[in-house]
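S.K.: Here you go, one structure.
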Amino acid sequence: MCGIVGYIGSQQASDIVIEGLRKLEYRGYDSAGIAALDAGRIALRRAEGKLVNLETLLRQQPVPGCVGIGHTRWATHGRPSETNAHPHQAGVIVVVHNGIIENYLELKERLIGLGHNFRSETDTEIIAHLIEQHFNDSGDFEAAVRAALSEVHGAYAVAVLCEAEPDKLIAAKLGSPLVVGQGQGEYFVASDIPAMLSHTREMVFLEDGELVVFNRSSMQVSTLAGTPLQKTPKTITWSPMMAEKGGYRHFMLKEIYEQPRAVADTIAGRLKDEEGDVHLESLGLDDKELQSLKKVFIIACGTSWHAALVGKFYIEKLARIPVEVDIASEFRYRDPIVDEDTLTLLISQSGETADTLAGLREAKGKGGRTVCICNVVDSSIARESDGVIYTHAGPEIGVASTKAFTTQLIGLYLFALRLGRVRGQLSAEECRRRVAELVSLPRKLETALELDVPIENIAKAFAHARDFLYLGRGNQYPIALEGALKLKEISYIHAEGYPAGEMKHGPIALIDENLPVVVLVPHNETYEKVISNMEEVRARGGRVIAVATRAETGLRDKCDALIELPETSDELMPILTSVPLQLLAYHVAVIKGTDVDQPRNLAKSVTVE
Ligand code: F6R
């Protein structure tokens with residue numbers, strides 16, 4: 001969490017840093033700050049609350065200079081306040097940091113003993129003082145940063161300036177993401193690609209333990225110990241427009257509407273029609289290895305974990321391999337049974353989620369094979385996995401995940417088809433039939449999006465409720481969980497997802513006329529059973545919002561609101577039923593006046609445990 005940006009070049013750094021921070025606000029937004037160097041002097045401004053407060057402050061008290069660093073914070077150590085906001089300064093040194101320093105108390109004690117005075121409650125401030133201490137000893141900025149960072153334990157991405165060497169910006173990373181953007185006579189460094197996209201698409205991805213020293217005309221990457229490294233820039237295909245709202249009121253709404261395109265892009269180039277197969281370009285496992293797999297784990301957090309639950313249905317059905325799904329923070333500590341015939345699939349939009357990354361390392365450490373489904377090119381999880389299936393959702397800025405989720409389901413489906421084919425569980429014809437349905441999905445998603453206005457009306461009728469229940473069976477159960485999570489995250493209404501058949505074992509006690517129950521009831525083999533569960537809700541005065549397929553007649557009388565989707569296969573239906581639940585959560589949140597794109601207490605990229 002937290003976002004950092006650095007700039008060195010010939011433009012005003014504050015404009016560029018603020019513009020970058022705006023793109024990183026999804027990573028945290030409880031306070032923000034900036035420091036710029038001009039004529040050998042550091043000017044620093046910080047403000048509690050959202051970035052807009054810092055922008056207001058900067059209009060009154062600008063910070064000139066062509067070298068600068070900035071930060072948007074998601075509090076870990078110390079409450080959100082101006083004093084705890086970054087950058088943190090110690091003498092001539094100023095630092096922004098994303099991550100957690102685990103041995104900060106021990107270091108702080110030592111530094112206090114050496115006469116350093118601390119002003120904030122943060123772990124970051126010790127980095128500034130530690131660098132200052134080494135700088136006082138050696139008089140060499142770069143050597144001081146190297147020495148200080150070799151003493152800290154934990155995770156960091158840092159950008160550092162020094163008043164005594166005003167034409168230099170130093171950045172380094174260990175465990176937190178950091179990307180360098182190369183412009184014409186200028187350099188950018190940031191926690192994520194969108195922060196720099198409007199200036200350059202040439203990016204260098206730093207690895208853990210690497211440090212980069214910039215001056216205005218050059219940059220040099222090296223290991224923390226000082227060994228120079230040659231890094232080749234990659235050209236990013238995301239366009240700057242992808243990180244803009246493009247006329248939509250919120251990023252989340254834009255991203256919901258982007259799903260037909262995102263799904264089509266994730267499928268594109270991966271279907272082998274003639275062979276009746278699927279091509280996954282960087283899977284990292286050959287056919288023999290795929291054939292020898294005996295077990296699959298799918299590991300993820302939050303919304304990505306919901307995708308994993310659907311993935312279990314896909315892989316078990318199409319490839320007939322047992323699949324275990326785990327929440328990453330549980331997997332990493334439960335000593336899972338992994339061997340060389342076990343594949344661990346990691347799902348992560350950001351590719352930086354700390355628990356998922358730790359799960360990946362746990363699985364690799366036990367000798368298992370790893371593949372990730374990831375949206376961010378060259379992110380930590382993508383780099384460390386043996387193979388990667390990229391989703392092509394484009395940057396997801398809204399904190400509540402939407403298009404990343406549906407494209408993860410596509411990635412999982414493609415992988416299950418490939419696995420089914422290579423293991424002889426699926427004939428070419430069976431694969432071709434599924435692929436034909438898959439190709440028609442973007443159009444059906446567009447039809448689902450046409451329900452926006454009726455769903456907004458449903459939201460108006462139910463937005464006052466204090467609790468919601470979401471029910472689904474089979475592969476719709478994870479979608480019930482996801483629908484409930486979306487509502488909770490952005491409207492702050494308590495919501496629970498439940499397997500419809502499990503309702504009678506407890507949650508039925510909650511049902512009365514005040515509890516809206518969203519029932520996922522597309523036509524499939526458990527249709528009649530879900531209808532019975534719906535009747536059980538109705539019999540107790542509960543109010544039902546049914547999400548069904550259009551062909552169903554007679555459902556209108558059984559519910560208070562009906563959302564009718566186009567038909568698709570049972571396997572792809574979770575992708576379609578996700579859309580009305582995203583729209584319902586969105587409209588309820590808008591009616592309630594919450595901050596849809598940046599809901600309270602959340603951050604998009606959870607890089608802490
Ligand atoms: C919910 C949401 C989170 C993320 C979770 C994992 O809308 O976005 O629950 O899904 O934090 O993030 P990634 O997929 O980046 O690993």
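Easy rule for this one: first residue shown is 1, then count along the chain.
Note: Cβ is positioned from N, Cα and C throughout, glycine not excepted.
Reproduced below are the annotations present in TrEMBL:
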{"type": "DOMAIN", "residues": "2-217", "note": "domain 'Glutamine amidotransferase type-2'"}
{"type": "ACT_SITE", "residues": "Cys2", "note": "active site, nucleophile"}
{"type": "DOMAIN", "residues": "285-425", "note": "domain 'SIS'"}
{"type": "DOMAIN", "residues": "458-599", "note": "domain 'SIS'"}
{"type": "ACT_SITE", "residues": "Lys604", "note": "active site, for Fru-6P isomerization activity"}
S.K.: How long is the line from the C-alpha of Lys604 (active site, for Fru-6P isomerization activity) to the C-alpha of Cys2 (active site, nucleophile), rounded to the nearest angstrom?
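M.R.: Distance (Cα to Cα, whole Å): 9 Å.
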S.K.: Just how many other Cβ atoms lie inside 10 Å of the Cβ on Cys2 (active site, nucleophile)?
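M.R.: That number is 30.
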S.K.: Within 10 Å of the Cβ of Lys604 (active site, for Fru-6P isomerization activity), how many other Cβ atoms can you find? Include all protein chains, please.
M.R.: 26
S.K.: Would you mind splitting the domain 'SIS' (285-425) into helix, strand and coil residue counts from DSSP?
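M.R.: When I sort the residues of the domain 'SIS' (285-425) into the three classes, I find 65 helix, 28 strand, 48 coil.
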S.K.: Run through the domain 'SIS' (458-599) and tell me, per DSSP, how many residues are helix, strand and coil.
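M.R.: For the domain 'SIS' (458-599), the helix, strand and coil counts are 69 helix, 30 strand, 43 coil.
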